[in-house]
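Input: a single structure, listed below in structure tokens.
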2 protein chains.
Amino acid sequence: MMRALDAAREAAAMGEVPVGAVVVSDGEVIASAANATRSPPDPTGHAEIRALRMAAEALGKGRLNGCDLYVTLEPCAMCAGAISHARIARLYYAASDPKGGAVEHGARVFEQAQCLHRPEVYSGMGEAEAAELLRGFFRERR
Amino acid sequence: MMRALDAAREAAAMGEVPVGAVVVSDGEVIASAANATRSPPDPTGHAEIRALRMAAEALGKGRLNGCDLYVTLEPCAMCAGAISHARIARLYYAASDPKGGAVEHGARVFEQAQCLHRPEVYSGMGEAEAAELLRGFFRERR
């Protein structure tokens with residue numbers, strides 16, 4: 001999660017909402033990504049989506065069975081759907097997101113009967129730091 | 001929708017689940033994409049995601065306000081989330097997808113109170129053809 005927080009700081013430095021994600025396979029980081037939606041413009045450029053794509057490329061397969069995803073913020077519906085498609089085994093996220101999260105809030109993607117793959121979900125590690133990064137970012141923009 | 005069906009046929013020819021998507025801006029097709037999850041492996045390579053990314057690049061902005069998305073199958077949670085992030089104005093889809101769709105089924109992404117942008121949604125145009133493409137594809141693989 002420290003690596004994911006580092007990626008979130010990189011996002012902030014680029015003027016992006018500070019969220020970072022890391023994919024781990026067999027104890028090794030195989031992908032690390034910052035939220036990047038602006039340059040080039042990409043409405044799907046959330047850290048999770050970018051990390052999953054990188055991990056699939058690194059492993060040469062789209063199904064990341066056995067891999068863990070660490071992300072600094074509760075995934076949205078788009079990212080939760082992608083996590084399920086990618087067959088991520090364990091999802092760790094730092095801060096909850098009542099406004100945009102779709103794991104424990106809103107669409108609750110993994111709780112749907114039609115969800116074909118549900119990762120194990122763990123939350124709260126690094127929460128204070130992840131939340132402070134987000135608060136600081138939005139405070140500066142006001 | 002004819003263009004989206006053409007893209008779906010291209011997907012089938014590549015051994016991919018036949019789904020196609022097209023983004024239209026001011027009456028002009030600015031992006032057209034087939035489902036492409038295998039080569040390179042990309043668990044996020046659904047037609048909608050690919051079309052939205054292309055459209056954002058074409059317009060030079062991540063918010064596709066005023067644009068329409070045509071897709072041959074009801075979007076999943078990942079794609080519905082992306083459609084909302086991209087601020088698509090109108091979503092047209094051909095076939096319903098009780099197993100994986102998240103517009104009128106399952107996560108019902110646009111119906112969530114937290115959903116910040118809801119497109120207008122129209123369905124059913126080209127439904128028979130889109131459904132037959134999918135049925136034919138899965139019949140051959142059995």
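Using N, Cα and C of the backbone, Cβ positions are placed for all residues, glycine too.
According to TrEMBL, the domain 'CMP/dCMP-type deaminase' annotation covers B:1-104. Residue counts for the domain 'CMP/dCMP-type deaminase' (B:1-104) by DSSP state, with H, G and I taken as helix and E and B as strand, are 34 helix, 27 strand, 43 coil.
For B:Cys76 (Zn(2+) binding site), the count of additional Cβ atoms within 10 Å of its Cβ stands at 31 [all protein chains shown]. Summarising the annotation, TrEMBL assigns Zn(2+) binding site to B:His46, B:Cys76, B:Cys79.
What TrEMBL lists as active site, proton donor is B:Glu48. The Cβ of B:Glu48 (active site, proton donor) lies under 8 Å from the Cβ of B:Ala21, B:Ala33, B:Leu69, B:Val71, B:Pro75, B:Cys79, B:Ala82, B:Ile83, each of these being in the same chain and 6 or more residues away along the sequence.
Taking a C-beta cut-off of under 8 angstroms and a sequence separation of 6 or more, B:His46 (Zn(2+) binding site) has the following same-chain neighbours: B:Val19, B:Ala21, B:Asn35, B:Thr37, B:Pro75, B:Cys76, B:Met78, B:Cys79. The predicted model assigns the domain 'CMP/dCMP-type deaminase' (B:1-104) a mean pLDDT of 97. Other C-beta atoms found within 10 angstroms of the C-beta of B:Cys79 (Zn(2+) binding site) number 34, with every protein chain shown included.
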